[in-house]
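What follows is a single structure, written as structure tokens, with notes after it.
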Amino acid sequence: MSYKIVALPGDGIGPEILSGTLELLKLISEKYHFEYHLESHHFGGVSIDYYGTPLTNETLQSCKNADAILLGAIGGPKWTDPNNRPEHGLLKLRKSLNLFANIRPTFVTKGASHLSPLKQDIVEGTDLVIVRELTSGIYFGEPSYVKKTEALDSLKYSSQEIERIVRIAFNLANRRRKKLTSVDKENVLSSSKLWRQIVNDVKKDYPEVEVNHMLVDACSMHLITQPTQFDVIVTENLFGDILSDEASVIPGSLGLSPSASFGQTGTRLYEPIHGSAPDIANEDKANPFGMVLSLALCLRESLNQNDAANELESIVYSFIQSNKTTADLGGQYRTSEIFKLLKEKYL
């Protein structure tokens, strides 16, 4: 079987971290004997420069036909038109592909716990995933308005929107340590009451998964004081936005964190959570690990290459433990040097 992969290098450091990652993918495919077809398209700010839009119809159609999308990074101060920003392309892409679930792993190995801003004995052994609902909730609720003396936002969820994200989280927990924490604000919000009810209903289909309901304020505290207690966390859009950013600092650098966006079926999108960092673009300083770990997610979730994903993650973590890192992690290696060392593992 041959997989179709679309590469979207994007802006800033995106092209340099993605190009090295694609070279790695080629070596990995040769070792693990799978085939893929690769297409690359301009996306984000660079697409605005070339075509006047962050997402062309050609790029969108290519993404719709793909098994997986690898995205570098988008955005930057160059593109200031509020009606035509690079980020609009990503929002349209997510909506067009119905990517309603955002998956963010947070992992801290023993040898990397010193990088965290938290105490080593607190973070060592952290291995959690936050599953955030991405396309509903208060960010998309209607009515919504701002007037001179008042403003309104609407928080609405349907049972179908809740169930589909909850099932993704249950399936993920079932493959991991079988612990699911559902985060809500059930003591105040009506939508959270429905959320908790749906979680309890779906739980009947996953008898082996232990479910714990937690209020969002308590979860935000426990993420910092006892992150190792969590396996899979599932929550709605606003809460997930905040909690996933909170969790992303636990490993010690935004440059370490991968992410994936899932729909019910079809194309999935993989990208590091960091921005385009235009201040260091083309300076060979960017931390590539978030992008490389996003490739590992892609190998596991879209290309059915679990062994390859495990090996790639192990190599990255061994580099971090031995201080083969870029400057943001206290190392002295340049981006190109990290990729050279990574590729040597497959030669």
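Glycine residues also receive a Cβ, built from the backbone N, Cα and C atoms like all the rest.
Marked as NAD(+) binding site by Swiss-Prot on the basis of sequence analysis: 76-87, 275-287. Cβ neighbours within 10 Å of G275 (NAD(+) binding site), excluding its own Cβ and spanning all shown chains: 15. In the three-state DSSP assignment, the secondary structure recorded for G275 (NAD(+) binding site) is coil.
Sequence-distant neighbours of R132 (substrate binding site) (same chain, 6+ apart, CB under 8 A from its CB) are A101, N102, R104, T235, E236, N237, F239, G240, D241, L243, S244. Secondary structure at R132 (substrate binding site), taken from DSSP and collapsed to helix, strand or coil, is strand. Sequence annotations record features per position, and here Swiss-Prot assigns substrate binding site to R94, R104, R132, D217.
Within 10 Å of the C-beta atom of D241 (Mg(2+) binding site) sit 18 other C-beta atoms, taking all shown protein chains into account. The Mg(2+) binding site annotation in Swiss-Prot covers D217, D241, D245.
Annotation source Swiss-Prot lists site 'Important for catalysis' at Y139 (among others). Listed in sequence order, N237, L238 are the same-chain residues at least 6 apart in sequence whose CB falls under 8 Å from the CB of Y139 (site 'Important for catalysis').
Within 10 Å of the Cβ of K185 (site 'Important for catalysis') there are 19 other Cβ atoms, across all protein chains. The annotation site 'Important for catalysis' is assigned in Swiss-Prot to K185 (among others) on the grounds of sequence analysis.
In this structure, R104 (substrate binding site) is part of a beta strand by DSSP. Counting in whole angstrom, K185 (site 'Important for catalysis') lies 19 from D245 (Mg(2+) binding site) by their C-alpha atoms. When the binding-site residues N84, N287 are compared by the number of other C-beta atoms lying within 10 angstroms of their own C-beta, N84 comes out lowest.
Its own atom aside, the Cβ of G76 (NAD(+) binding site) has 21 Cβ atoms within 10 angstroms in the protein chains shown. DSSP classifies G76 (NAD(+) binding site) as coil under the three-state reduction.
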